[in-house]
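Asks: Sharing a structure, written as structure tokens. Questions coming.
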Amino acid sequence: MENTDIIEDTTIVSIKSLDSVASEVKMGTSETTEPEGGIQYRLRIKNIPRFASVKMMKDLLAKNGCEQVKIQKSPKWDYCFATLKTEEQQLYVMDKLKGVKLKNKELLVRIDNVTEKDRQALFDKRNNEKQQNIEQSGIQKSPEEMLADQVTPLHIYEYQAQLELKQSGIIKSLETFRDKMKELYKNQYHHSSWLLKEFDFKLPLDLNPMIHSPVLKGYRNKCEFTAGLNLKGEKTVGFLLGAYKDGLNTVLEPDNSIHVSDVAKKIAKAIQSYIRQSLYDVYDRRTKQGNWRQITVRSQQCGDVMIIIQIHPQGLSKEQIDLEKATLLEFLKTFAKKENFNLISLIVQMYDGVSNGMSEDPFECLFGTPFIHEEMMNCRFRISPRAFFQTNTAAAELLYQKCGNIIKEIYESKDFSESPTLIDMCCGTGTIGIALSKNLGTIIKGVIGIELCEEAIEDAKINASLNGIDNVEYILGPVEKNLFALSKFNNETSGTAVAIVDPPRAGVHKNVIKALRKCRAIEHFIYISCDHNAAIQNFIDICRPTNNNFPGIPFKPVKAVGVDLFPHAKHVELIIEFCRNRENSEIQLSDVPRMYASQDIESKGSNFTI
Ligand SMILES: C[S@@+](CC[C@H](N)C(=O)[O-])C[C@H]1O[C@@H](n2cnc3c(N)ncnc32)[C@H](O)[C@@H]1O
């Protein structure tokens, strides 16, 4: 639900001391403690490329003896902020960055401290600006309509029109991809006849009609609600209207949110009434006061419900916290019984940091098990609180089935001497590998899953045995750092492999694409993207001509299909099947469609633009 452009690294603020100066600098180790005196010791680091990521800046600082500094950077900025806990640390970092260059440009570092008063004034200014913009736009919308536009921006369209909009978004991304490929293959038409083929929409692949979501209302199995104040100043559990960065801090109930399930709405309302009677305030992100922060409800298709309540412990004694937990537990157990839902897991997280969302702080399970289950594709999956699970189970089932059908078609249509190993990259709780292994039988020889989230990997291991899949291996860590899982297939005897890459919105690191290209055992793979626009660069790198940076035989796209997991919202999942592009003989003139044939292919191709 959150929408933040600013990528913020919220890890602890501490500096590794490399010399005697540093050893005098005593660093705190917890990000969660507020800076002394309400001052944020901030450095503005200028002269950096816009594309520099938080990680790149962190690595640069670490290389210069400053480790784990909190960095804020938006992809649009040619600067970033580094926040330190004390003035000493600030001066230390400033000193260390003197004369340091990034991409041949010397960094410009200046102190840009923020006091609590400044921060609140900025918040108020943005809030006023936002209100003025709304007034000036002349569009009179109720707060409920504004919230609906924000969380389900396509809600005003009929479902068919929503699908058409999403399909045209996919076409646009694929056209951008196609145009870029044409540029890259400009003088190498003999390697890219696939770009000349005209499929539907003049795209160089078959784009199938969108697969609809079988459920249009209340489909989300996970909702993150904020505890805050509504427009009347009453404690409310629901969605934040607008974004905090715009100075907005109002929370509205999810009653009219079409994608929220009935059970999640009921739970939000019940916890709201509980909080309204509580002596403790909701957490105010402007003043950083208050206790009730966030309520996450996971309500699975199979009936399992998990509730996670996040509380800021400030001002509360241990006795008060214990009493609150016990009262909450009784309240929610009774409520679940009365409303007849299956409360499987009630979890509390105490979190005193300033960032929003789920933190790394521990969870305490007050009731039931620290996980729930979901059922799909004839399988049962355990899901831990931090593990990713597709938010629309019924539509995710269609997504996985489609991937299964693609693999089935590939391996049944050709005479493959042996079944491939399925490499499930970014496997979450192991859903795709396990579901396909179980449903495709001997077509899949075994599964290797790679995933960043430790809890998800633990779930995946349990899920494999829950579903009787034994030929599995799970690797914990970022895919880009575990590429041995692919390179080990370069051995002649290691057999064949098929990969499914299902990364988060930004796509995968380019080293993953390079490794896929270099992996001799992979002839086909499937890329599932939940942000086709952001994935274009990955698609380009998958198919670009071979060079020193991108070795290996390039792939070409074969077919694509959108699967709508998010009715009323803008996102859509896009599946693209890629296969190795083994053409290396010059294409025949007769292969060139008429629109290109008029150009002089024989004239060395240098002017020939595909
Ligand atoms: C879109 S989800 C897909 C999960 C799974 N395939 C499914 O369908 O449930 C992306 C997953 O990638 C994981 N992830 C994010 N960055 C990663 C990385 N660099 N390496 C490995 N996994 C990553 C996330 O934790 C998340 O579980």
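Note: Cβ is positioned from N, Cα and C throughout, glycine not excepted.
Nobody curates TrEMBL annotations by hand; they come from automatic prediction.
Heads up, here are the entries from TrEMBL:
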- CYS530: active site, nucleophile (ACT_SITE)
- GLN390, GLU451, ASP502: S-adenosyl-L-methionine binding site (BINDING)
- 42-110: domain 'RRM' (DOMAIN)
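I would like each feature placed in context: is it buried or exposed, what are its neighbours, and how far apart are things?
Replies: The Cβ of CYS530 (active site, nucleophile) has PRO504, ARG505, LEU565, HIS571, VAL572, GLU573, LEU574 as same-chain neighbours under 8 Å, each 6 or more residues away in sequence.
Taken residue by residue with DSSP, GLU451 (S-adenosyl-L-methionine binding site) is part of a strand. Residues near GLU451 (S-adenosyl-L-methionine binding site) in space but far in sequence (CB under 8 A, at least 6 apart, same chain), listed by position: CYS426, CYS427, GLY428, ILE457, ALA460, TYR474, ILE475, LEU476.
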Asks: Which are the residues of the chain, GLN390, GLU451, ASP502 excluded, whose CB is within 8 A of where the CB atoms of the S-adenosyl-L-methionine site average out, their centroid?
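Replies: In sequence order, the nearby non-listed residues are PHE388, ASP424, CYS426, CYS427, GLY428, THR429, THR431, ILE432.
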Asks: So what sits near ASP502 (S-adenosyl-L-methionine binding site) in its own chain, CB-to-CB under 8 Å and at least six residues off in sequence?
Replies: ASP424, MET425, CYS426, CYS427, GLY428, ILE432, ILE528
Asks: Under DSSP, the domain 'RRM' (42-110) has how many residues in helix, strand and coil?
Replies: 20 helix, 22 strand, 27 coil
Asks: Let me know how many other Cβ atoms fall within 10 Å of the Cβ of GLN390 (S-adenosyl-L-methionine binding site).
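Replies: Excluding its own Cβ, the number within 10 Å is 23.
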